[in-house]
Amino acid sequence: MNLEGTHVAMITPFNNDNTINEEKYREFIDFLIEGGVDGILAAGTTGESATLTLEEHQKVIDIMVDQANGRVTTIAGAGSNATSEALDLVNYSKDAGADVALVITPYYNKPQQSGLYNHFKLLNDQCDMPIIAYNVPSRTGVDLSVDNIINLAKLDNIVAIKEANPDLNKLAHVFSRLNSENLLDDFTVLSGNDSLTLPMISQGSKGVISVVANIMPNKTSTMVNNALNGNYDEARTLSNELFNLMDVLFIEASPAPTKRALNLMGMDVGGLRMPINEICDENEVILKEILKENNLI
């Protein structure tokens with residue numbers, strides 16, 4: 001399937017009582033689509049999936065699919081450190097009408113490489129749905145090896161990887177292997193780090209699952225589209241202009257800075273689920289300055 005372009009790892013708006021704010025979520029989805037993004041992700045890390053109940057997890061997927069209404073690619077966060085739970089979430093995502101599922105590598109229990117492969121192999125065999133594998137060793141404690149990524153690329157339903165390991169040398173090995181084994185046409189590599197999207201596209205990535213696009217969907221999409229079309233001078237300019245914003249969104253635990261930025265912009269997306277706290281006053285001053293530099297407040 002075509003996964004080129006800019007996909008947004010969406011925040012989840014909450015009411016004052018910390019329940020999901022469906023009205024704001026639908027408004028936010030429209031804001032992103034009108035901003036020119038190619039896809040949206042519900043119940044990812046930025047969407048606070050770790051602190052959503054199963055019912056809430058399913059609800060945000062349902063809202064996303066309904067509100068998008070075929071206008072963009074819908075990606076359902078469906079990962080778990082229990083393979084059986086991931087299987088249930090992928091199957092739910094398919095039944096809900098999502099286009100593709102995003103499945104993080106199992107976290108905390110730190111399976112060996114064979115365990116990681118078997119996790120995705122079971123999902124491949126038992127779920128009739130395209131799956132994006134998500135590799136983010138800084139959060140999970142495990143890193144898909146080059147060999148494992150290549151093996152996953154050979155599975156029919158594992159159609160892409162969101163690669164958030166910042167090691168560009170490793171990525172070069174991945175692309176060399178994908179090319180030599182004629183897998184590039186059927187397997188997509190997406191950036192999982194906004195600041196590395198441009199260099200990753202230059203190596204062969206087809207886009208990004210982005211956090212900064214929550215704030216500036218149009219500019220992020222324009223940067224990615226220029227890079228994909230080979231207009232690297234323009235893409236580089238836009239990437240450099242976006243860098244301080246990309247960086248400040250991780251000045252504290254994500255998605256705290258992103259949600260604070262959106263609230264400062266008047267988007268009224270609510271607070272955070274514990275144990276994530278609001279950002280400190282000192283960092284809010286820094287965040288405000290960068291938002292002002294980008295004419296966002």
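Here the Cβ of each residue, glycine as well, is placed from N, Cα and C on the backbone.
Annotated in Swiss-Prot:
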type: ACT_SITE; residues: TYR134; note: active site, proton donor/acceptor
type: ACT_SITE; residues: LYS162; note: active site, schiff-base intermediate with substrate
type: BINDING; residues: THR46, ILE209; note: pyruvate binding site
type: SITE; residues: THR45; note: site 'Part of a proton relay during catalysis'
type: SITE; residues: TYR108; note: site 'Part of a proton relay during catalysis'
The one of TYR108, TYR134 whose CB sees the fewest other CB atoms within 10 Å, among these recorded positions:
TYR108
When the number of other CB atoms within 10 A of each residue's CB is tallied over all shown chains, which of the recorded positions THR45, THR46, LYS162, ILE209 has the maximum?
ILE209
Listed recorded positions are THR45, TYR108, LYS162; which of them have CA atoms within 10 A of the CA of ILE209 (pyruvate binding site)?
LYS162
